[in-house]
Each structure stands twice: as structure tokens, then as C-alpha cells.
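Engineer: Checked TrEMBL, it gives:
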- 83-105: transmembrane segment (TRANSMEM)
- 111-128: transmembrane segment (TRANSMEM)
- 148-168: transmembrane segment (TRANSMEM)
- 188-210: transmembrane segment (TRANSMEM)
- 222-252: transmembrane segment (TRANSMEM)
- 223-372: domain 'O-antigen ligase-related' (DOMAIN)
- 258-278: transmembrane segment (TRANSMEM)
- 355-381: transmembrane segment (TRANSMEM)
- 393-411: transmembrane segment (TRANSMEM)
- 418-438: transmembrane segment (TRANSMEM)
Amino acid sequence: MILMIALFVLAAILWIVPLLQHGRTPVIGALVLLTGTVFGPAFFSIDGPIQMSLDRLLFVALLGMLAIRWRQGQLQWSRFTRTDWGVAVLLMWLLVSSLISGPAPQGQSPISDWLSCFAMPVGMYVAIRLSDIRASDMLWVQRMLLGLSVYLAITAVFEVTGLHRLVVPRYVVDPTEWEFFGRGRGPLMNPSGNAIVISIGLVIAVLGIIHSTRRMKLVYSLLTITLLAGVYSTLTRSGWLGAIAAMGVIVLVYSPRWVRVLGLASIVVLGGASVAGLKDQFLRMKRDKNLTSADAEKSVQLRPLLAIVAWEMFKDKPIFGHGYGHYFACADSYHNIRTYDMPLNQARPYAQHNVFLSILVDSGLMGLTIFVSILITISSLGWQLARNTSLSIAVRNGGLLWLGGFAAYFCNGMFQDASIIPMANMFLFFLAGIAMTLHQRGLAKTPTLSPPVAIAGTGLPAALSH
């Protein structure tokens, strides 16, 4: 095992070091997201006290690079905002909550969950906040995220249509990994997480249609259709809502007011009619290969049961919660409550299916208030960026990337705990860091190289005159 770890680290260093020496932080951050999505722990990992995988090794190298650049005076934090303080306090409170809340659930490590679900995402946020962002960085970030999203969309279509031979990596279509098998779960092995990432690419593709040349509009239109097919292939209702919301953000920004009003009214009327007429089919929609239609309907009916459990747990510890990562250690007795005349026991094996209820139960009003305040503040700043026509397209796109990505995260998070979906918080805090940095400092200028000073009449550089 030690030899394997040594070879793994050596091989990684050979290609990571040159990249970190000359790479731009936002681009390397996007590379971490890409690596974590496609080649994360499910692809390759080394188990230990802290599980190590390709993306985590690259992430640690990124933080090391930032530390070196900080010592050299190449990085600076312009001003510590209230949002930055909120992010720091949230991270520390979740850590304290996980440590002081008694024994952990059997087979679960709250500290490990904290590291992967919040510490690493906040580390990504800090990395972006410490760095300047150039127009070229935004271009490369959008290209990489769009390429990743297109790959995920095509893979999702292959999964649903049964073209499993074309799916890479192979573990994505491993039938022994039965959860969500038959849906577009992608390398994240989670259709909701897949839908969130594809929705971010959908925002980039739609922005490409708006801002590109006539020829490129056709290319971006084809990519948009591909991404929509990918979102549909997740067979996830919250994923569909998230994609619609992500595109709706762009419509709100770029369309005339009468179009926005008409569109909103149409969505309400047509959406209400569709839900009323297709409610039974919608609830009983068969999705997983190992899931019957009745099971699909049951999964929907579990959510009110989980909400009741969350309410009862909240009433007992409303301020500080039951402890981050301690849900299963504390929730057992609440499933035996009989005052509601509902089968709460059916929800016993399941985690909370709402990201806000999950944070409320685990960390109390203290944790939820900070988390929601962060999201609202950054969304407000992102909206300001997106609506300010005096700013460059790259800066406005940074605001729209946050708004669209958060819209997808929010819609999926209303129906499951999005914070524990692999990579979901990494994308969320990466986009948050971009929006915050662009709002505070704008785009950095690309340095230009000055020509060498020459000796008059010789054409030789002054440095060679001796």
C-alpha cells in the first residue's frame, strides 16, 4: 500500500507541478471541479484516515500553490466582507457542532463529511477570493464547464437509452451499484448532482447563443439541445425544475419586461394545469430500473414524513441543532411519534430530503440563518452584476453563472440534501467566489510585456551592451 501511494503521488506531481507553476487559479479551480466530477473517489481513491483521490490531491496542491504565492506577495484579499465572515463562521460552527454532539452514527464520520461537503468547498471559495480574475480566465472557466456539461449530458443519454458500451468511465453503468441505475446519474452516481452541473453548462450555452456570431449561435443552439436532453435523461423532477429555473434567470435579465410578465403568467397557468391533469402519472413515473412505479410514488410520499421528523427534532433543539453529521444518531426516536397518525417509521432509513431542513436539524437556526444569509447576499450581488449593462460581458456572465447555478442547486435542494451530493457544494462555492471577486474587484487587466530597451543605432538590447 505504501509503495502504491508513493507511485501515485510521484506520477501526480509530474503533471501537477508545471500546471501550478504557470496556471491561473480560476482555471485550476475549474480543473479541480472537472477532475472531481469525472475522476473522483468513485473512479480511484486510496482509503485512509482521510480518503485521497485525484481531485483531492489536485486541490491540496492548489492550496499549496496559493500559500507559496501569498508568501511571495502575489496574492491579496482586498477587503474582508460580511459574506466572507459568514462563510468562515458557518464553516467553524459546523465543525464545532460535529465535535460536541456526542457519538457519531455507526459507520459514519461527521468530520469526514465536514471536510468533503464544506471544508473543501470553502477552501475553493477562498482560493478564488484570493486571486484576481481576468477575462481570459472567465473564458477558460466557461469552456471547461461547458465541455464537462456536454460530456455529462451525452453520458446521461447513453445511460437511459441503454448504450452502455459507450459510457466512460465504466463504473457509471455498473448494475451492482443499483441506486439510480437506469437514470442519467453520471460519474457522480447521482442524477440530481448530474442535473446541477449540466444546468450550469446550460447557462453558458444560452449565454453563448446571446453573445456569439451567427455561425456560433447554431453551434451553441445544438449544445443547448444536447444539454436539455441530458437534463431530461436524469429522470429527476427537481433536475428539470432546476434547468428551467437556470434558463429563466437569463430570460429575466435579457428579455423585455412584457416578455417576463407573459412568461411568468404562462408558466403558472400551464404548469398548474399540467400538474392537475398529470399528477398521478407524474408521481408514479418509473425511473430507476430497480424501482417500480409504486416505489416511485412512495419516494414522493416520504418527504412530508421527513418534514415532520425534522420539525419535531427542531422543536427540541431549535438554536444549535442536534450536531452536524449526527442525524441518524439522533433521529431514531422521532420516528416512533404517534400523534400525527402517519407512518413516520417508513422514513427511518432515509436522510432528510431538503438541504435547508437538513442544515436546520443538524446545526439549528444558527447554522441555517448563516447559510441562507450567504446565499441571499451573493444572489443579490450576482443580480447586480447581471443587470449592470455598463459592465463587460465577462463580468455580467460571472453574475449569471452564480444565479443560474444557484437556481439549479436550490430546486434540487428543495427535494434532497444537495449539500451531501458529491461535488455540488464545490460548484456552488466556486461560483460564489467568482461572483464575489468580480463584484468587489472586477476583472484584472492582462499584463503586457514591454519590448526590451535597445541601444540607439545598434538594435541590440541594453542588457547585451557590455
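Cβ atoms are placed via backbone N, Cα and C, with glycine included.
Source: prediction; values computed, not measured.
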Engineer: At least three Cβ pairs under 8 Å linking the transmembrane segment (355-381) and the transmembrane segment (188-210), pairs spaced 6 or more in sequence?
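Structural biologist: No, these stretches are not in contact.
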Engineer: Taking a Cβ cut-off under 8 Å, which residues six or more beyond the ends of the transmembrane segment (83-105) line up next to it in the same chain?
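Structural biologist: Non-local partners: 77, 111, 113-114, 118-119, 122, 125, 129, 320-330, 362-363, 366-367, 370-371, 373-374, 377-378, 381, 429, 436.
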Engineer: Could you name the stretch, out of 148-168, 222-252, 418-438, with the greatest number of CB pairs under 8 A to the transmembrane segment (188-210)?
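Structural biologist: Stretch with the highest Cβ contact count: 222-252.
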Engineer: Using a Cβ cut-off under 8 Å, which residues of the same chain at least 6 positions beyond either end of the transmembrane segment (418-438) come close to it?
Structural biologist: 26, 29-30, 32-33, 36-37, 40-42, 81, 83-84, 87, 113, 117-118, 120-122, 124-129, 131-133, 138, 141, 188-190, 192-193, 196-197, 200, 351, 355, 358-359, 374, 378, 381-382, 385, 395, 398-399, 401-402, 405-406, 409, 412
Engineer: At a C-beta cut-off of under 8 Å, are there same-chain residues at least 6 beyond the transmembrane segment (393-411) that contact it? List them, or none.
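Structural biologist: Cβ under 8 Å, 6 or more out: 133, 135, 138-139, 142, 195-196, 199-200, 202-204, 207, 211, 238-239, 241-243, 245-250, 253, 375, 378-379, 381-386, 418, 424, 427-428, 431-432, 434-435, 438-439, 442-443.
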